[in-house]
Amino acid sequence: MTSPMITKEIHPHTYVDPAIVANVGMQGPDTKNYVVGPDKSSKVKSGLDSSVETSVETLDIQVERSAPAVAFPDGGRQAWLCVVGAFCSQFCSFGWLNTCGVFQEYYLQHQLNGYSATTVSWISSLQTLILFTGCLIVGRLFDSYGPRYLLLAGTLLEVGGIMLTSICKTYGPILVCQGIIASMGAACVFNASVGSVSSWFKKKRARALGIMSSGSSLGGIVFPILIRRLTVQTTFGWTMRACGFLVLGLLVITNLTVTSNVTPRGKWIPLYPRDLWVHFQDTNYVLLATAFALGFVGFMLPFTYIVSNAIFHGMNENLSNYLVSFLNAASIFGRIIPGIMADKVGQYNMNTIGITLAGVVTLALWIPAQNTGSQIAFAVLYGFFSGTFVALIPACTAQISNIQDIGTRVGLMFFCLSLTSLAGVPIGGAIIGNAMSEKRWNGMMAFAGSFLVVGGIFHWVARVKLVGPSLKAVC
């Protein structure tokens, strides 16, 4: 006996996992691109023309008949070596970005002590903007040529940018070298790794991406400790050079191990606005992008201001510098454990929980945190739930995307996030202001937590649009 079909409108450029269809059933308006059904005898009628019927022979959904079939090994030596290399790339890209709170505090007390917190925060905002905005171009380059040249170029740019920062003394050069050049390299290695890992896994994709992204959390632990200790024992210049050599060594491993399971097109495909607009005609993609974009307004604020806030509330300066490490240590577990669970209960389901609870923790725990214990508790809990949120972004995007377009779709998603993230940190700095009163700090925290919660609500809406309101649906 076949299960009843649930009418759902599917955009012709959206890939929908067959597992979702098996749970809820779907039919779409474009039967030339979709073949859906529970068994061979079922019929699917076009939502646009009821006279058109398509025989259903498989449970697969074909997004583009011209796209070659891709076999997902979901394991094997080469696949897991790719995860190892991608782990190293995340350590060097997003892990480096996770140190923004340490650099924010250091610059305000040393080279850039004559600048406001809002002005200095543009360095970390620009890093976030370029890391994610660059993914738009890098994603198309990945789909066209694969990861090899992107990883090489990214290594040269990121290491070069960090080394150049080591000789910078003023705001402008630091903004260019750390904020722009190094971030361009990070964007290359970050997006190339995400696309490569996604191409090797399907059933275990969330798990693999979670392990991969935990590299950024480990980087967020190691870099702050390294920076704090070396700036005391030696100069800022040699601190940055030590970080640069560490990044170089890890990215050599990345270049040797990261490969794609998908044969690249082999030629550059021009990126026109109309090519991007096609994806925004997909309601599922738009809802997911909206959820992530809203969440990212508040996402980076705890990373940026947790150290300054702790010092404001009287925490020992040496101990406060470890808060970013506590946050990132918890984020390792927040990326791996929910990633494993997401393969069973669904990426959308798990990420809705992650982003919502990140906002709840910010509102319920960070605002009233007045002592060392509560500050550490917030760092650990926020690290865990925010880790879930960011780790599952590629997995959720891949779930509704054709693997041949994974680089472009993920890159476009991160481009959307970059715009709101760029606005979030300076707005938070403006709310705090130079006075840094209790009221202003609470206002910034409420701003961050509210946007995370609203992002969680939109994520639930995206999930309902995809599979309906049933809590039992795996999505």
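Every residue gets a Cβ built from N, Cα and C, even glycine.
Over in TrEMBL, the protein carries these features:
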- 78-467: domain 'Major facilitator superfamily (MFS) profile' (DOMAIN)
- 119-142: transmembrane segment (TRANSMEM)
- 173-194: transmembrane segment (TRANSMEM)
- 206-227: transmembrane segment (TRANSMEM)
- 239-264: transmembrane segment (TRANSMEM)
- 285-307: transmembrane segment (TRANSMEM)
- 319-338: transmembrane segment (TRANSMEM)
- 350-369: transmembrane segment (TRANSMEM)
- 375-398: transmembrane segment (TRANSMEM)
- 410-432: transmembrane segment (TRANSMEM)
- 444-462: transmembrane segment (TRANSMEM)
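Remark: the transmembrane segment (119-142) makes no contact with the transmembrane segment (319-338), by the rule of 3 or more CB pairs under 8 A. Remark: the transmembrane segment (319-338) contacts the transmembrane segment (206-227), by the rule of 3 or more CB pairs under 8 A. In summary, the transmembrane segment (444-462) does not lie against the transmembrane segment (239-264): fewer than three C-beta pairs, each 6 or more positions apart in sequence, are under 8 Å. Counting same-chain residues at least six beyond the ends of the transmembrane segment (173-194), those with a Cβ under 8 angstroms from any Cβ of the stretch are 85-86, 89-90, 92-94, 96-97, 103, 107, 111-112, 122-124, 126-127, 129-135, 138-139, 142, 147, 150-151, 153-162, 164-165, 209, 212, 251, 254, 258, 394, 407, 410-411, 414. If you look at the transmembrane segment (285-307) against the transmembrane segment (239-264), you find fewer than three C-beta pairs under 8 angstroms, all six or more positions apart, and that falls short of contact.
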